[in-house]
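**Student:** So Swiss-Prot lists these for the protein:
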MOTIF     58-68  motif ''HIGH' region'
BINDING   GLU559  L-isoleucyl-5'-AMP binding site
MOTIF     600-604  motif ''KMSKS' region'
BINDING   LYS603  ATP binding site
BINDING   CYS895, CYS898, CYS915, CYS918  Zn(2+) binding site
Amino acid sequence: MTDYKATLNLPQTSFAMKANLAQREPGMLKQWQQSKLYEQIREARKGREQFILHDGPPYANGDIHIGHAVNKILKDIIIKAKTLSGFDAPYVPGWDCHGLPIEHNVEKKVGKAGVKIDHVAFRQKCRDYARKQVEGQKKDFIRLGVLGEWDTPYLTMDFKTEADTVRALGKIVENGHLHKGFKPVYWSVVGASALAEAEVEYQDKTSFAIDVCFGVADVEDFAARVGSVAGTGNISVVIWTTTPWTLPANQAVSVNGELDYVVVQHGEQRLVLAEALVESVAKRLGVEELATVATFKGAAIEGLKLNHPFYAKQVPVLLGDHVTTDAGTGCVHTAPDHGADDFVVSNKYGIETLNYVDENGIYRDNVEIFAGDHVYKVDEKVIGLLEENGRLLHQAKLVHSFPHCWRTKTPLIFRATPQWFVSMTKNNLLKDVKQAVEGVNWVPDWGRARIDSMLDSSPDWCISRQRTWGVPITLFVHKETQELHPNTAALVEDVAKRIEEKGMDAWFELDAVELLGDEADQYQKVTDTLDVWFDSGVTHYSVVNARENLRYPADLYLEGSDQHRGWFQSSLKTSMAINGSAPYKQVLTHGFTVDADGKKMSKSIGNTVSPQKVMNDLGADVLRLWVAATDFSGDMSVSDEILKRTADSYRRIRNTARFFLSNLTGFNPQTDLLPAEEMLSLDRWAVDRAAALQADILKSYDTYQLHQIYQKLHNFCVVEMGGFYLDIIKDRQYTTKETSHARRSAQSALYHIVEAFVRWIAPICSFTADEIWQAMPGEKTGTVFTAEWYNLPRLAEGAELGNSYWQFIAKVKTAVNKTIEAKRSAGEVGGSLAAEVTLYCSESVAQKLTLLKDELRFVLICSSVTVVAASETEGEATEVEGLRVAVAKSSHEKCARCWHHREDVGQNTAHPEICGRCVENIDGEGESREFA
């Protein structure tokens, strides 16, 4: 038997079937770095319209987790897609380098600043620690295939950035938005520092929930205010609190003037409660009912004096709108030191704070009974004292959502302290910020409502911290008047120049005399540092506006949805305070990573996915494909199983690319590419499908619907290409003459498609795209990352054998395949090429099918196809209206070369084992194809 293998155009390519991404990618990264790929891209886009995505800085502490990977991959995909669209889209990665966690980690090694190590040396240790963390994270981000200015990222601890952060503060002062206030702020007793709203997270905490009686000091005064009071026993106003430790600082009880209140009889005593809460209080006390003995409006008891439950003093009743009937008793324990609402209502009545608790959460020496006690450990002592005094009505344990420090994970307290604030009301800053929200494009669009509602309850922003490792608040305050120095703007600039040279130590080590001269004795140098959210929040000023290759405002900010209360807000507030405009045109948010069951990821549960492990096992491109395949507008499920499925999808994409490349053997686009009008009908259709898909893909990239790109790509590879077109052209590719028009037509189509395909996947599967690019035929200049979208030829509108025609043919092919498969399963035929197919067609179906003439058999991949008039009894019914299919085993010999069963096999004596078509393709001029 003759071996005809050498006469076939068998596929060949250097593009490997097995990806081996984990092994291959590091070498490609090295090559990218050696060839200065990022710089090549910048050079290629020089002078083009810019697209600026500003990187929200991750915190420089610990290894990157899957959430970091998602964020960086999304940014990289968008930037690469924008570059393909012709934009100059630089990417400057950044890191947030100051703050408490770094201090804590350094303290563990060298002790507290000012105790075992001086402040200058401590700050240097913090700087060294942060730099080491940055290097570790940077290595992983680069390994993900993220391109950017990794040699010159921005760090909030860079001297220049620190200096510009100080300048940003100076602008805010200059524009009249800064003030010093004595207000209750979230306070970490572990970190001994104030926290901004953005640094607070809510976790469940078990607290004592107690009902406490504040006895009415003058019963006659009470009766005169509310009218007659029936019943017997002492009258007490009852408060409910989950923070017993704040009772030593109690200075009042607040009620709502508009609410209805009652006096109820409870055993030997009478209690004052909001009428709407009587039932829930009775349930709490374990009684069936509490009989009402008087009713009145809250306004009636404004100013009424009550006895403090354990101190020999009286406190007044105040009126406050913050009092509701959501829970408790409708009477609210009021300690202006320890609650925002308490502070506001007390301020209205001229009641000042007591400052009973120090920065470490310890009661000061002047606090009766509790001096020296820690607020975390005093609840039981307070409850015992209340019991002793007969003032404890009820106690229970309550699990509730409670503010915690997002860094140390410890419960916070509210504590009134002197702090620096960016005022949200002064100069209408909040109003301007809310107005700016309307001019920003939020994706998804619910982001607008989310940030808007958060801004509604936005207090003045406390930007001061009592830390060692942070950008200093470089202000001088008059010792007597507490006013800022009149020349603050110039002084801030002077200090900024010094910080630019020597870092923030230039301020901490500064002798005020150097700047203030003789005035130095009258002024105090502020020793507080800035909230880290201020550092990152002003990067629109210190980075975007400061770097020559960037431009303000940025086109896009892209972070997790938690940043509506974090970086998006701090950036917007500072930008409005400095420039009077938003720092971004568009804000895109992604959801959180969760496990396959939708549960939050946690090391303790053991359901985390390590990006490092994924890259080492499956490769970065699989991780990148998972990110693109997932709808990131909601929570993003990830697990080993999900990633395994993604790896399968990746293989389909890779195999499709491999088919394209392996069938372009011997094809030189410079000499062999056919004009579109000379290509076969099926090939023109395939290119047109690619062009239509490209239009969809580009739209999806522009609207950030990456999961749609994945779905469309997958469908293109599996259905339109793998399930139809590529199957059909194999015969033509392998069996026709190497340089025949029929083969060059298919190769021209494959070339067009792979040129487009490699660009479609480049932003997502970057390593694979580069690998494809290097295996493509023809001379290449630059890389796939410096290229622009490929211009695909389109079919003429209304072409006879256009898209609708080939879609119909695809349905017919599916119907025929089903019938053949049924016969094969029954053992009646071996495969499609061993089958002779008869199509019983209605007139309209027959008309369409006969357009392809004898080439219909190549499309249906059968040895012979006969189209006959419709029959209601012959053949099997199909899903195609007007079509029945009959399949019979071919009686003809199988061609040893093309495997078709043809009647002319053996008729040529020189080639007794092959068909006439193959003889023509070997020895003659070659067969001619018109359609497929």
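Numbers here mean position along the shown chain, with the first residue as 1.
Placement of Cβ uses the backbone N, Cα and C atoms for every residue, glycine included.
I would like each feature placed in context: is it buried or exposed, what are its neighbours, and how far apart are things?
**Tutor:** Per-class residue totals from DSSP over the motif ''HIGH' region' (58-68), listed helix then strand then coil: 3 helix, 1 strand, 7 coil.
Shown in sequence order, GLY56, ASN71, GLY566, TRP567, PHE568, THR589, HIS590 are the residues of the chain, 6+ apart in sequence, with a C-beta less than 8 angstroms from the C-beta of GLU559 (L-isoleucyl-5'-AMP binding site).
Sequence-distant contacts of the motif ''KMSKS' region' (600-604), counting only residues of its own chain at least 6 positions beyond either end whose CB sits under 8 Å from a CB of the stretch, comprise 65-66, 592-594.
The Cβ of LYS603 (ATP binding site) has 8 neighbouring Cβ atoms from other residues within 10 Å, across all protein chains displayed.
For the recorded site, CYS918 (Zn(2+) binding site), the DSSP three-state label reads helix. Long-range neighbours of CYS918 (Zn(2+) binding site) (same chain, six or more residues apart, CB within less than 8 Å of its CB): TYR4, THR7, THR735, CYS895, ARG897, CYS898, HIS911.
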**Student:** Go through CYS895, CYS898, CYS915, the listed binding-site residues, and name the one with the sparsest Cβ surroundings, counting other Cβ atoms within 10 Å.
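**Tutor:** Taking CYS895, CYS898, CYS915 as the binding-site residues, the minimal 10 Å Cβ count falls on CYS898.
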**Student:** Would you list the DSSP helix, strand and coil counts for the residues of the motif ''KMSKS' region' (600-604)?
**Tutor:** 0 helix, 1 strand, 4 coil
**Student:** Within 8 Å of the Cβ centroid of the Zn(2+) site residues CYS895, CYS898, CYS915, CYS918, which other residues of the same chain have their Cβ?
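**Tutor:** Near the Zn(2+) site, the remaining chain residues are THR735, ALA896, ARG897, TRP899, HIS900, ARG902, VAL905, ILE914, GLY916, ARG917, VAL919.
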**Student:** Can you grab the distance from LYS603 (ATP binding site) over to CYS915 (Zn(2+) binding site)? Cα atoms, rounded to a whole Å.
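**Tutor:** That separation, Cα to Cα, works out to 66 Å.
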**Student:** State the three-class DSSP label for CYS898 (Zn(2+) binding site), counting H, G and I as helix, E and B as strand, and everything else as coil.
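**Tutor:** Looking at the DSSP assignment, CYS898 (Zn(2+) binding site) belongs to neither helix nor strand, so coil.
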